[in-house]
Every structure is written in C-alpha cells, then in structure tokens.
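To start, the structure under review is shown below, and the notes come after it.
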Amino acid sequence: SVERKGFISLMGSTNMSYLNPKTVTLIGIPGLEHVQFWIGFPFLGVCLVALLGNIFLLIIIHTERSLHQPMYIFLAVLAATDLGLCVTIAPKMLAIFWFGSCSMAFDACLTQLFFIHALQGMESGTLLAMAFDRYVAICDPLRHTSILTPLFIVRIVLMVAIRATVLVGILPILLKRLQLFQSVVIVHSYCEHMAVVKLAAEDVHISKSYGLFVAFAILGFDMIFVLISYILIFQAVFRLPQKEARLKAFNTCTAHIVVFLEFYILAFFSFFSHRFGHVSPYVHILLSTIYLLVPPALNPIIYGVKTKEIRMRIAQIYILKPDTQK
C-alpha cells in the first residue's frame, strides 16, 4: 500500500520521462487500495464459477452427440473464449490485490493487452455467429442444415478468430513503437489499451484513432448485425399463427438475447467512459473488470438454465447416473 501511494505521488509530483521502459506498474483500483485485498475474494469466486462452468459446458458439448449442432458448437467457442479471458486477467489482478505484485514487464503488458482485446473481439464475433444461426433456424428452418454445414461453421470460426487477431494485433505494435513515456504507472488492474496509451509523452493520435476504429469495426459492426438479425427473427416469430409456436421459437432465443445484452451494454459503457466520460477512476475500473469477468461466469449458467438439452444432460450426470449407459 505504501509502495502504491509512492508511485501515485511520483506520478503527480514530477515531470520525469521514461525512455523505452522495460517495466510498468499496475496499481489495481485507485482509491480502493485499502480494500483491494477483500475485493479480490468476490473476484476469485466469479473466476472460479467462470472456469468451472465453462469447462463443464465444453465437456458436456463434447461428450453429448445430440449437442453437436451449430448453436452448441458456437456456444463451445464462446466458452473457450471466456476461459481465455479469465486466465488472461485473473492471475495478475489477484496478485496485485493480495500480494502487492504491481510490477509487470512492458512486453508482458502488451501481450496481455493483445489477448484481452482479441478475445473480446472473438466473443463479439461468436455472438454474431450465434445470432445468424438463430436467424436461419427460425426464418429459414428447412435450409438450416444445408446452410450451416460443418465446413461453413469452421470457416465462420476462423474468420472471427482471424479478424480479431489481425485488427487487435496492430494495437500493441503501435504502442511498441512509442519510446517516450510520461509515466510507467497504469491506473488499472490489467493492461487495457487506453490505459497504456495515456502513459505516452508522444503524439498518440494514431493509436487512439485506430483503437476507435477497431472498437467500431468489431463491436459496432457485430452489434448492428445482431440487432438486424433479431428484428428479422421477431418479425418471423410474430407472423407464426399459433401462440405455442411463437413461444417455442422465442424461447430458443432468450438465452442468447440475455448474453448479448449483458455483453454489449457493459462493453460500450466501459469503452465510452474511458474515452469521453467523467466517471470516477475506481468506478470505471471496477465496472470494466466486472465487464470482463462477469459474462464468462454468467454465460454457462444462462445457457445451462435456458437450454433443455444441457439441463437434461446435467440431470443425467448428477441425478440419473445409472441411465447414462443407455
């Protein structure tokens, strides 16, 4: 705690510059240093739920042949992405909260930055792929299997991964080219793009502008097309003659709608508050950390509760074990 306060006072009281720094310092949640130790415990709980839930989801989808369908394959990709986010963020963040391990190699910081934003991009692209799957299943059900073939699914997943990797991969390259920094203290609990950009003592217009472009090229693009998909889905659902058919069609989408809303609402709040907002630093950092860690914990719970096939498989494993051999 004394060490962190020293860094903060150093940051505010001196004009010294840093040339090609080898290490940076993450201070965690500014203003809440005195309670960070205790904040770490609920975050650990959320991470454990996310890890266990997503691993369990991957095992169920892999072992249950009836779940080898496009929707569940995309759900498995989402689970793998969520696992990646937890593994990328949690260890260093908890080390800061519990052990005061604030120092981090600059290259390791850029690596963490890349994986966080690339995995966010993959999660967004996977949500779009899931929306497209629901659109085809409800609006053109007879062609669902002929459109979403295994090869087509593999191509979508590769496109989502390549898009995120290429677009996000340029962010750390632009940051690596910067040489002069006004500070090496990152006011955050993990290496986030804008938090690192703000350290520079050089012109960072290109990095800022490209960061905005990546956000809108991935999150903005995906959100628009997910919304279009659901407008078309709702139009098709409300045209169904029977109430039971409408409810059944709508029920297949509810889990995805909840996940879509939690992801994009938190994402855009975090994004805009960092660039344009006047939110207290500790509020922004708490919410941006929640945005990255809570959806991975909620996603397997939401899909487990709302998806009949997954519920049945869980019941077989835990309640009807003798029947699993049938």
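Backbone N, Cα and C define each Cβ position, glycine as well.
Keep in mind that what you see is a predicted model, and the values were worked out from it rather than measured.
Per TrEMBL, the feature transmembrane segment maps to 37-60, 72-90, 152-175, 212-237, 249-272, 284-305. Residues annotated as domain 'G-protein coupled receptors family 1 profile' in TrEMBL: 53-303.
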Remote residues contacting the transmembrane segment (72-90) - C-beta distance under 8 A, at least 6 residues beyond either end: 43-44, 47, 50-51, 54-55, 57-58, 61-62, 112, 115-116, 119-120, 122-123, 126-127, 129-130, 133, 153, 157, 160, 190, 259, 289, 292-293, 295-296, 299-300, 303, 309
The domain 'G-protein coupled receptors family 1 profile' (53-303) [mean pLDDT, rounded to integer]: 88
